[in-house]
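J.: Before we start, here is the structure in question, set down as structure tokens.
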């Protein structure tokens, strides 16, 4: 960008700074204001960073800001402003743009800003600029805390940030073209820091306990100083060439010499370059071309060995998302004087600063005083300086701060967190992989330091090492770490250096673990097992036994006498009977159904004492709702209750079917199965070979082979680690067949034909060993050649070596039974007969007819696929398991249909008929709620006009079903409710079946709540209702009013189930699931009705206005059998007995019940104060008697103005 293309205001501001003349900078009178204007311009730049680019093109920092910094240091306001502007101008490009842009235009701006930053770094590589910064920083640090102002602290932080920004600028390798031992710009910058004394100030900040607030800034600066260095090289500077280094260099030179000699020999065997016009063509026998004929070769015979079918072909382009990760870290050897300075800095830092600085940084990290990802600098410093300490003069005391079990745990936790985030955050997977590499290096150095402590002559150091190893080998997390890292290795995100470090760290860990096991007789380690329970989702089925009323009556006759005797025995104890399963994962509150089933099973089995004891014990555990009878129940009522339980149809759950171990790898294909994992911690004796077997899998072997492909670039130690691990798997475990893979054999062929193969003696020896084992096996098993094409697991390896079918012949009782020919014929017949039946699960039908050998659903499905009757197991997935997202067009269509039919009697029914994408009613209701088109589910209920005329009374059964039962279509909506709501509905249904109409009245509920100490919440509820009635009289409009509890006592009352039951009886609406939080007073209740509800909460009002309930008439003769009539009347008899005992039934009920019902006007409907769902269920039971029963609870007459609820 040219200077003359700058913005006019920006150009005028830069011109007002001053000018440089003869090495002296003359500032203008408005210099300070101009600097502040530039800061303000930078604050309002656009996303292309135009102001930053224009200032970089004009070289403002080189021509104006640096001279002002060095020559006008006495002008403190101007100096502070220039430092602020420099910090802003030099901030990293990644920080400016957020990330490396993918758009070409924005990426161009990113690279342009990076180019200007590299120019700034070159301008700062002078002793003069860093001298001014060092002097200023020294003067500020000399001030005590009582004399240091807030501006001084800000200036210290800005100077440290400026040094950090300058060091952070990456080097331009293409422009510099520096080689090792040559001074680069970064080396010149480090030398300027050394000459200015800035390094001494950094050491002071690191060691001072009073300056710990700058610890993270200092650690970041130090990490940037050493980012291109290797700690082993720095430790050996100035000590002459070691014998190990000389031998390594000689080996490298020998490899190069051997390859050069081989190339010369190959060139000598070739003919001259002169072309022979009579060279002719050759036919290569045994090598087929595309047309199944022998290949015709048109070149000289000396080129035949270089022939390949791929010659002339365009190489296949690898997609960008599948390309291997690139190496980002670059290591180079700096000039000698810089390396000497860095070595001395490291030695002094380790001796005086490492422990206090790392302790302060760790404290900041644990207290969350640091910024995000600052722990990466902590782990880099740990890896670098611990490696330098090992290579220089090993002194464990210098690194004692990071040599503990807590440090191992900290690094392991971060390493685990990084690879989990790499799997979840795919967009930033490369960044998480780099952090993961830093954590792995830190873990590697921790293990290397502990291993070095084993060789220390000091007994105390060796004892410390033994304690640390005992802890890390005991914990399962540290042993499983490397297995997890190998399984999660992905070459798209992890570079080759990460795999190299992982292989070397695993080799070190296994060597330490093996030596530790040998030094001890037996090693006890922690073992965590995940106990997997495969449980079918709750599938309700009918009662396990189907008996006629006559059989039930005969069974009850045999039980009645025994039950009556047991009920009258006072010594019947219930202390030893527990009606719930304490070890079950289902909460105790939700086990009432199972308790009822257990009572029924005891009655069916003829165990009268156990059934009675279970009933009484269940009554004590679940007293709410009187589902198992009231606490003061009489023996006669108890007998009637047991009879109802015996004849009731109770929901049962299907027993979970255990799957076989043969198909464990295909468990994920069954979406209807849940996997519940329970971690069990125990101790066991550790066996090294058993642990080594965990590495015998194709995923880990594939990673080792991938690294072995670059054996020429690998170090000798890396190749040794690869060969050692593969030798452990092949020789120690006897799994040579695990390495019988064609790609590995091609690599062995390349290795054996390498001219420098003598330099890889260990790899060559191992390759010959594996090839010899393969050819020995191939002589016995001809299928081994085919097995070369595939990666193998341990079971395939065993079959290859011991014979195919050896696993089936073993004594494995957990394997699935073999299908006989008769069973296969029956399976085929059943599948062909039922596969085309609509609305039927063909697998469930087959399972119901297969009685000879018990089979699982998974076994049947996989055998159908093996027989060729089905293409895939996915053809048998159960319906309704996948959630299909709504598209924008579908949402608009749903909104249009709702607006079209919202005034009709059946809104949901019309929508279901006309919607294009067919979905269940529950999904449509949920979407209507999510879009805000309706506020509650009841607005979508089908509207029915209920006419309570005398003609309706003639057919009591139909009229009652119309008045109290929900529409069957609405019941379908309940299937989509959450599990908790379904359980509540199931319990309510159970209570309705057993208890009948014996629910507590509002008066009894109020009295019970008063006895429980909830009088104050009742008064609050009464006042809220009166206040709502007053508001509706004043405003003249009605809307739902939430009941917001403001006191803790009222809030606890709103969570009380009995209090919530009272609210439902009073007509107060519960909050909609996922939409509302508080209970609400419905808008349909008028002020008069609200006052009446409030008055019903007072004791005196309840006694005066107590209504009477007529005694139900017996059923019409001839319509019911005696047993059915007895089953219907039994709950009513029990209820009447309880009411007579409580004094709630009056003689005049029978006379006034029918008259009260007939006095209801035609345009009014009878609304029970109880909740609609429970009333519908209980009303359905009452309809069996053929008469319309009026509940005793308090009722309210509500005008039916527009619609029925």
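Placed from the backbone N, Cα and C atoms, the Cβ positions cover glycine too.
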J.: If you check Swiss-Prot for phosphoserine, which of 715, 806, 1159, 1169 comes up?
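T.: Record annotation (Swiss-Prot, phosphoserine): 1169.
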J.: Among 48, 1174, which is the one flagged in Swiss-Prot as phosphothreonine?
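T.: The residue tagged phosphothreonine by Swiss-Prot is 1174.
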J.: With Swiss-Prot as the source, identify the stretch among 651-676, 677-702, 729-754 annotated region 'Disordered'.
T.: 651-676
J.: Fewest neighbouring Cβ atoms within 10 Å: which of the modified residues 281, 1088?
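T.: Taking 281, 1088 as the modified residues, the minimal 10 Å Cβ count falls on 281.
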J.: Could you measure between residue 281 (phosphoserine) and residue 1086 (phosphoserine) for me? Cα positions, answer in whole angstrom.
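T.: That comes out at 107 Å between the alpha carbons.
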J.: Averaged over the region 'Interaction with PARP1' (999-1097), what pLDDT does the prediction give?
T.: 79
J.: So how many of the residues in the region 'Interaction with PARP1' (999-1097) end up helix, strand or coil by DSSP?
T.: 56 helix, 5 strand, 38 coil
